[in-house]
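J.: Dropping a structure here in structure tokens format, bear with me for questions.
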Amino acid sequence: MLALSHYNSSASPLLPRFSNDSGGKVEAMVAVEGLSQQGNLTLVQPTTSGVIVVILSMTLGIISNIVALFILANAYSLQRRRTKATFLLFATSLVVTDFFGHVIPGALVLRLYLYGGVHPNSSDRMCQFLGGSMVFFGLCPLFMGSAMAAERCLGVTKPLLHSSLVTKTRTKICLSVIWLAALCVAMLPCFQLGSYTYQDPGTWCFIQVLSDTQEVDVAFVVLFSGLGLTSLAVALVCNTISGLTLVLARFRRRLGSHHSAKSHDIEMVVQLVGIMVTSCICWSPLLIFGLMSVIRSYTGSIGEDLSSYKTLMVMGVRLATWNQILDPWVYILLRRTVLRKIYLIAKCQAGLRGNILGRWEPTSFHSSEKKQVNQV
């Protein structure tokens, strides 16, 4: 979906809403041809450099997810701790979801990009599928991130309760519920509860937020953004509690207590914090901009700010697409072995710096002056 960043966004305005029926393809052709005749829609041919950048970004995302999936699958097969195995099952499911969320919408956006935007042969069904894919693959990582944070919070604060409640079977049921809930939200426009439409510059589809918004569109955006922001808030609270608990356990260990933070707990919480920070940076702009846009559009107060909100929405979706590329690197880089190597390298560098600074301490000057006096 990074094709959005290499398309001329000033070339075309927002396209009108297409109906969700069997005549969608015909209506799309009529709408596109009408806008083309009026000069409001220009189908821009993609440049060679733009296509290369898009293909490289798609390849980077695919390779990142495959590498992370291989690492997690290998760790899951070797893991004997039930708590760690549950976390790895969640993490593996998240990477698989990110992989398909990068490939499926990305391939559709790349197809639109290669056509230079909305093509006369583009059907309404394609827009509905692309919009639904973006909502589904957007909510799934956010739901999973909050579920993983809640599971770790329970494991860190109440380990006995966690061992009795959390099992592999219940984890799989939880994952199934998450996928089903995200799918139900994504399919709401199929029941006329909201709608998907082509967004400026015509290379992606999303919820109707900027023109012709109705009450169902406002409710749909509020539901989507509300669920996403709530998931981020739950992850933030749970990770904060887990982090503080581990820090207190570390202090107790220094004071001679038998209860101390385990290394695998620290590793999992560090990875969860990385997931949370990545999700907040990548998804918060789109969730917030969507809410702002649909409210101002529905109340009719968007006025001359329409072009600015178009730009904000495009920026928001660009950031959101990076979530599926950056998530795998959380597991690749924030593993215990990698963190240990980074710690050892930093410690060695600090030791070398300390030795160098030690040569320039005041005592070294006094000793050198004494030597010079003795020589005289």
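Here the Cβ of each residue, glycine as well, is placed from N, Cα and C on the backbone.
Below, the features straight out of TrEMBL:
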- 64-331: domain 'G-protein coupled receptors family 1 profile' (DOMAIN)
- 51-75: transmembrane segment (TRANSMEM)
- 87-114: transmembrane segment (TRANSMEM)
- 134-154: transmembrane segment (TRANSMEM)
- 175-198: transmembrane segment (TRANSMEM)
- 218-248: transmembrane segment (TRANSMEM)
- 269-292: transmembrane segment (TRANSMEM)
- 312-334: transmembrane segment (TRANSMEM)
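Let's see these features in context: how buried, what's close, how far.
T.: Here the domain 'G-protein coupled receptors family 1 profile' (64-331) returns a mean pLDDT of 84 for the predicted model.
Distant neighbours of the transmembrane segment (87-114): 1-4, 6-7, 46, 50-51, 54-55, 58, 61-62, 65-66, 68-69, 72-73, 75-76, 79, 122, 126, 129-130, 133-134, 136-138, 140-141, 144-145, 147-148, 151-152, 168, 171-172, 175, 179, 202-204, 268, 271, 275, 321, 323-325, 327-328, 331; these residues of the same chain sit at least 6 beyond its ends, with a Cβ under 8 Å from one of its Cβ atoms.
Panel annotation: around the transmembrane segment (175-198), residues 14-18, 20, 89-90, 93, 97, 118, 127-128, 130-133, 135-136, 139-140, 143-144, 147, 204-208, 216-217, 219-221, 223-224, 227 of the same chain, lying at least six beyond its termini, place a Cβ under 8 Å from a Cβ of the stretch.
For the transmembrane segment (312-334), same-chain residues at least 6 beyond its ends with a Cβ under 8 Å from one of its own Cβ atoms are 1-2, 4-5, 9, 57, 60-61, 64-65, 67-69, 71-72, 91, 94-95, 98-99, 101-102, 106, 134, 137-138, 141, 199-201, 204, 206, 209-210, 267, 270-271, 274-275, 278-279, 281-283, 285-290, 292-293.
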J.: Mind checking which residues of the chain, 6+ beyond the ends of the transmembrane segment (269-292), have their Cβ under 8 Å from one of its Cβ atoms?
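T.: Contacts of the transmembrane segment (269-292) (Cβ under 8 Å, skipping residues fewer than 6 from its ends): 91, 94, 138, 141-142, 145, 148-149, 152, 156, 206-207, 209, 221-222, 224-225, 228-229, 232, 235-236, 239, 242-243, 246, 309, 312-313, 315-317, 319-323, 326-327, 330-331, 334, 339.
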J.: Please give the sequence-distant neighbours of the transmembrane segment (218-248): residues at least 6 beyond its ends with Cβ less than 8 Å from one of its Cβ atoms.
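T.: Distal contacts: 135, 138-139, 142-143, 145-146, 148-150, 152-153, 156-157, 185, 188-189, 193-195, 207, 209, 261, 265-266, 269, 272-273, 275-276, 279-280, 283-284, 287-288, 290-291, 294-295, 298.
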